[in-house]
Amino acid sequence: MILIIDNYDSFTYNLAQCVGELGHDVLVCRNDEIDVVKIKKLNPEKIIISPGPGKPTESGISLDVISSLAEYIPILGVCLGHQSIGYINGGSIIKVPKIMHGKTSQIYHDREDLFINLPNPFIATRYHSLIIDRANFPTNLAVTAWTDNNIIMACRHKHYKMLRGIQFHPESLWTVCGQQLLKNFLDSD
């Protein structure tokens, strides 16, 4: 079972549908209706932390999930989930130079992990006004994808390789290979 932490975002069920279409059972829980103890009892194969409004400090259980479970359970943070990974690892979250709500960008990547067998670059849809600050990027994270103006679009923890984040929305119809990216995550160790 794949657990999706819902940060009160309208895209959460699009993510759940994509995961279901890839053949996985999905459980969606709101970020204030579950805790780490309950998650451990559920024993999910993987966790996805959804997009949502606000800042990482307003993402309910998301920060606790990352800090408590990243060593044991593969976690993918999407948008706010990605920012939460940056924040909990010591990064600064800042306003993006140009707000990107429903805009597409070319995404360049390292061709590894989530990005295996994806075109480089590919088009992805962005819905955000905050980003992880490259100037204060955590040393225990690696940048794995970026835009042509060097905005961080994905990261991976250097020690807990199962902890990854993506700023863009793989569930959007305008993200060219979002389903394959999710499949790469779901098929990974």
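Every residue number used here counts from 1 along the chain in the order it is shown.
Including glycine, each Cβ sits where the backbone N, Cα and C put it.
L-glutamine is bound by GLY52, PRO53, GLY54, SER129, LEU130 in Swiss-Prot, and the record lists one more residue there from GLN17, GLN83, which is GLN83.
Among the recorded positions GLY52, CYS79, SER129, the ones whose Cα is located within 10 Å of the Cα of HIS169 (active site) are CYS79.
Taking GLY52, GLY54, LEU130 as the binding-site residues under consideration, the smallest Cα distance to GLU171 (active site) is found for GLY52.
DSSP assigns GLY52 (L-glutamine binding site) to coil, not to a helix or a strand. It is 9 Å from the Cα atom of LEU130 (L-glutamine binding site) to that of CYS79 (active site, nucleophile). Between the farthest pair of Cα atoms in the L-glutamine binding residues (GLY52, PRO53, GLY54, GLN83, SER129, LEU130), the distance is 11 Å.
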